[in-house]
Amino acid sequence: MKCECGREAIERVGGRYYCKECYSKRYLSLVERSIRKYGILKRGEKVLAAISGGKDSVAMIAALKELEDKLGIKLEALHINLGIGEYSRKSEEVSRKVCEELDVPLHVVYLSEYGFTIGDVKRKACSVCGNAKRYIMNRFAREEGFDVIATGHCAEDIVANVLKNLYSGNFEWSEKLLPRIEGYFKFVSKAKPLYEIGEKENLLFVLSKGITFLPDECPKAPDPKWKELVYEIEKKIPGFKKGVLRSLVRREKVESELKSCKICGEPTSAEICQFCRNVKKFGKVRKIPL
Ligand code: SF4
Ligand code: ZN
């Protein structure tokens, strides 16, 4: 099959065949559009991109490097060696190679410097690991003067976490999954440039660019059942992922823009609340007794 440009196609996406070059262009324009739409990164920012060596973080760094001038950002990378045996050794090696290939300055921090490794943690390793990564990323970024930390969370990661939070009764945790969280107190701003981008799109991008990445899964990775569930639902309800991602942003906007109704004083996202508008429209008494 041929791409519209006449070159050999590598993949069919959304009913069209793409060659490597045209696919990369499409991917970059999707990432750029999403960054602009949600204000994920701002002009002039010094960005610290976290790299594990996996396809998602590699795709993010490669895309940000290509968009660096256009977006007006300054990009550097951070790899945290978590001390998970052979997996961490390979992760660091790949991260170093990728940053060298892309000419992105890389910083490496070893969790062992703090006196423990994730390899030593027997139970709930991901929760200890997630906390360690957030701690080190934030402290490093703040102390080194970065404006924002970018992570390679993809659309499926985010939607799977929204479902998990809903299930466990911690839906409010989902605000951590928003495409951008502004910094406060000693927290540096956080950004997810791949908020709307699927993991298969990331994989295809790194493959079409011929960039090194680590295909191995972390040996401590949990059962991927939540992500599988996202794929199952998407099959039955096409557009489900996008719907969840957009409603997460919309919900946050509505909450942050709450004000008091000009007529009755009750909370509303508009000048006049829906109830007062209904009273005006349907009520026989035009004035609200207060
Ligand atoms: Fe850490 Fe768990 Fe991810 Fe492995 S799968 S890197 S232990 S959070
Ligand atoms: Zn083409």
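Yeah, the Cβs are placed from backbone N, Cα and C, and that goes for glycine too.
TrEMBL annotations: computationally assigned, not manually curated.
The ATP binding site annotation in TrEMBL covers Ala50, Ile51, Ser52, Asp56, Ile80, Gly152, Asp157. Residue density at Ile80 (ATP binding site): 25 other Cβ atoms are found within 10 A of its Cβ, drawing on all protein chains shown.
If you look up TrEMBL, you'll see 46-217 marked as domain 'tRNA(Ile)-lysidine/2-thiocytidine synthase N-terminal'.
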Which residue, of the binding-site residues Ala50, Ile51, has its CB surrounded by the fewest other CB atoms within 10 A?
Ala50
Predicted model, mean pLDDT over the domain 'tRNA(Ile)-lysidine/2-thiocytidine synthase N-terminal' (46-217):
96
Run through the Cβ atoms and count how many others sit within 10 Å of the one on Ser52 (ATP binding site).
23
Fewest Cβ neighbours within 10 Å, where candidates are the binding-site residues Asp56, Asp157:
Asp157
